[in-house]
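Copied over from TrEMBL:
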type	residues	note
TRANSMEM	35-56	transmembrane segment
TRANSMEM	88-106	transmembrane segment
TRANSMEM	118-139	transmembrane segment
TRANSMEM	159-177	transmembrane segment
TRANSMEM	183-207	transmembrane segment
DOMAIN	201-269	domain 'Mechanosensitive ion channel MscS'
Amino acid sequence: MSWYTKQELKPFRNEWVEQFQTYISEFVGPQYETISLIVVGVTLLIGLFIILDFIIKNILLYFTKKLVNLTNFEWDNHFYDHKVFNSLFHLIPLALTRILAPYVLYPTPNVLDGMGKLFDIGFVLIILQLFLRGADAVLSIATDENNYRTVAVRTFSQLMKIITIFFVVLIVISILFNVQWGSIIAGLGAATAILLLIFKDTILGFVSGIQIASNKMVKVGDWIAIPKYNVEGTVKEINLVSCKIENFDKTISSVPTYDLITTEVKNYEAMKHTNTRRIMRSIVFNVKSFKFCSDEMLEKYQTIDLIKNYITRRRLELAKANVHSADPNQLANGRRLTNIGVFRKYAQSYLQENPNISNSDTLIVRQLEITPQGMPLQIYCFSKTSDWVEYETVQSDLFDHLVTASREFDLEVMQTLTG
């Protein structure tokens, strides 16, 4: 349909426009009159829009900034920072230019009809820009804090953007070809399978985002590890399609959002909340250094504060148990303490007395299965800090002491020799 008919354009004729048309005709000749009027008219409209947009937008933005600074609200700052008002103020010069268009292009109704379509498309695109920027502003307001709501809001916001852009494309097509956009949607029904294939990741990402938020699985700021991709780091963003993770070497890894619910994801957030972190490391000893404790060895161990009461008590218990031993001089007869057993007790007592180790969590010093390299003595406990640097310091100090102290028990720590 035409934007204006010739009959409707009659009111826009005036003396100035007639004189301008006559001047153009005399300057370029009658054969180029129409094309010249079109070029000049379109150029004038474009220039008029640019000038009006520059003046109106800057004036209104100046007063808007003053008003935003005077208020105590936070939302208007977000809207200003995301240039929502810029998009809103674009509508005023566009509307004024559209009103003036018939005065400039009334001699060429067909061109005016085409310009009318461009104006309509311009309005639609500015409204789209206004919506997208408004959505970003609302998202920034709703996601000031890193919480599970952020994932749902961000995912829903991106889905709404995609849906809006999709409908805007349909509206633009309907304006250009003069068809109802509802008819276009009906025509797309036959291509449903193709659309589902195209938007597969988008649909999966939206469903995953809702599940992640509702089940409180992952949020921005969490420290996670995904063994499938050999990725470990801090979650920086969860959007409709991908999850961005900052690795500890400051590189960024991106994984599909739906993989957060379909694959194994280790989330260390609970560890950070309890402010404890597990220590599970072994010291491998040479089994050839294991031996029964002689009286001289026990006398030496009894001078160690952490185990002197243990040694005293155990010596009394074993003395009673070995009264009827066939040959007390043979160490293999009866019950005896071993250097590895005494050291195991020492290590456990050392952990229990260490102010950096939690006594309210599991604390075990245990032997693991003997390997060709030796017998591992595993230390299993929890530090009282989850901070990475502090944790590594506690763990290093712990094993520095235990490895060095093992020499006092005549134990040999195994190590792999190279070269």
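Don't overthink the numbers, they just go from 1 along the chain as shown.
Any Cβ shown, glycine's included, is placed from N, Cα and C.
Sequence-distant contacts of the transmembrane segment (118-139) (same chain, six or more residues past either end, CB-CB distance under 8 Å): 75, 78-79, 81-84, 86-88, 90-91, 94, 97-98, 101, 153-154, 157, 160-161, 164-165, 168, 171-172, 175-176. Broken down by DSSP into helix, strand and coil, the domain 'Mechanosensitive ion channel MscS' (201-269) contains 23 helix, 25 strand, 21 coil. Predicted-model confidence for the domain 'Mechanosensitive ion channel MscS' (201-269) is 83, expressed as mean pLDDT.
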